Amino acid sequence: MKAGFVNIFGKPNAGKSTLLNALLGEKLAIVSSKVQTTRHRIKGFLTEPGEYQVIFSDTPGIIEPKYKLHERMMQAVKSALEDADLALLLADINDSLEENNELFTALKLKVPAIVVLNKADKASKGRIAEAETFYAKQPYAKKVLVISALKSQQIDLLKQTIIGLLPENDPFYSEDDLTDLPTKFFVGEMVREKIYELLGDEIPYHATVMVNEFKEKETLIKIQADIVVQRESQKAILIGAKGSMIKQIGSLARTDIEQFLQQKVFLELHIKVRPKWRDNDLHLKEYGYF
Ligand code: GDP
Ligand code: K
Ligand code: MG
C-alpha cells in the first residue's frame, strides 16, 4: 500500500491547522485568527486499510524566535522538515507571492512539494490565475493546487494527488489510530483555543494549559486543568467579573471536548500564575514543550 509522511508548512495564518482538520475530516488541530496558535507538531493519520496511510503533520508557522517557547516551536518545524516524504507548502492565495516564495525556497526541501494555494473562497479569478502561474514556475513545485480549507473545496483532489506521490510502504501506525498524541493533549488544546477566541491581543501568548486529571467515571469523564499565565493581572482578566470569563471558557471548551470524546464531560479549570514560564526550561518541559 501507499504510506508516508506529509508535512504542512507555511506562514502563520495560512490555514495549516484548518487544512489538517479538513484532510482528516476531524477537528484535531485548534484554529484561530491569531498568529502562533499552534505550538506543537501535531500528527494526524488518514488510513484506508490496504490502500493508503498518510501521516500528516501540522506545524507552527515559521517565525523568528523571540523567547524560549518560540525556539521550541521552531524545533518542531525543523524536525518536520527532516522526515517528510512529501511537503505541502501552504500559502494564503492573497498573500505576497514573493514573500512566500522566499520562505519556501529557504526551506531547501529535499523532498517533492505540492504548493497549495488556500482561501480560494476569498480570491478573485484573476488573482487565482496569477498565483497559479507564479508558483508553477518555481523549482520546488511538483504541482500547484487551489483549495479552500475552510469550505472543504478541492480537498478530495488534494488527497488523491498526495496519495499518488507517496511511496509503497507498510503502514506505520495502527489502522484505528487518528493521532500519536494523548487525548489529554487535545483536551488542553481545546481550552487554549477558547482563550485565543475570547481574549484580546496579549493574554493568549502568555497562557498555556495543563491537564492534571482525566478520569473516566461511570457516566462521564472528569477533567481538571490549570490555565497557567505569567502575571496576577492576567489571572484577574481570565477570571473576569464575578468569574464570568473563566466560566465562558469552561463552557465553550466543554462543548468541544464532549464532541471530540463523544462523552459527557465535567471540566474544572483553575488559574495559576507562573512568572516567566515561557523562558523557563523546567516549566516548558512540565507543560509539554520539549
Ligand atoms: P495556521 O496558523 O496556518 O494554522 O492557520 P489557521 O488554520 O489557524 O487559520 C487561520 C485563519 O484563517 C482562521 O481564522 C481560519 O478560519 C482562516 N482560514 C483558514 N482556511 C481558510 C479558507 O480556506 N478560507 C478562508 N476564508 N479562511 C480560512
Ligand atoms: K492561526
Ligand atoms: Mg496552526
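Each residue, glycine too, has its Cβ placed from N, Cα and C.
The domain 'Era-type G' feature in TrEMBL is assigned to 2-168.
Here TrEMBL flags 10-17 as region 'G1'. Here the region 'G1' (10-17) has a mean pLDDT of 95 out of 100.
Per TrEMBL, the feature GTP binding site maps to 10-17, 58-62, 118-121. According to DSSP, Asn13 (GTP binding site) is assigned to coil rather than to any helix or strand. Counting only same-chain residues six or more apart in sequence, the Cβ atoms lying under 8 angstroms from the Cβ of Asn13 (GTP binding site) belong to Ser33, Val35, Gly61, Asp92.
Taken from TrEMBL, the feature region 'G2' covers 36-40.
Annotated region 'G3' per TrEMBL: 58-61, in sequence order. Break the region 'G3' (58-61) down by DSSP state and the numbers are 0 helix, 1 strand, 3 coil.
Through the fold, the region 'G4' (118-121) approaches residues 14-15, 18-19, 90-94, 128, 146-151, 153-154 of its own chain, all at least 6 residues removed from its boundaries and within a Cβ separation under 8 Å. Annotated region 'G4' per TrEMBL: 118-121, in sequence order.
Summarising the annotation, TrEMBL assigns domain 'KH type-2' to 191-275.
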Least surrounded among the binding-site residues, given as Ile62, Ala120, when other CB atoms within 10 Å are counted: Ile62
Long-range environment of the region 'G2' (36-40) - Cβ separation under 8 angstroms, sequence gap at least 6: 12, 16-17, 29-30, 58-61, 63, 69, 72-73, 76, 181, 185, 193, 196, 204-205, 288-289
Distal contacts, the region 'G1' (10-17) - CB-CB under 8 A, six or more residues away: 29-31, 33, 35-38, 42, 58-63, 89-92, 95, 99-100, 103, 118-119, 149-150
Those binding-site residues in Gly10, Asn13, Lys16, Thr59, Ile62 whose CB falls under 6 A of ligand 3, listed in sequence order: Lys16
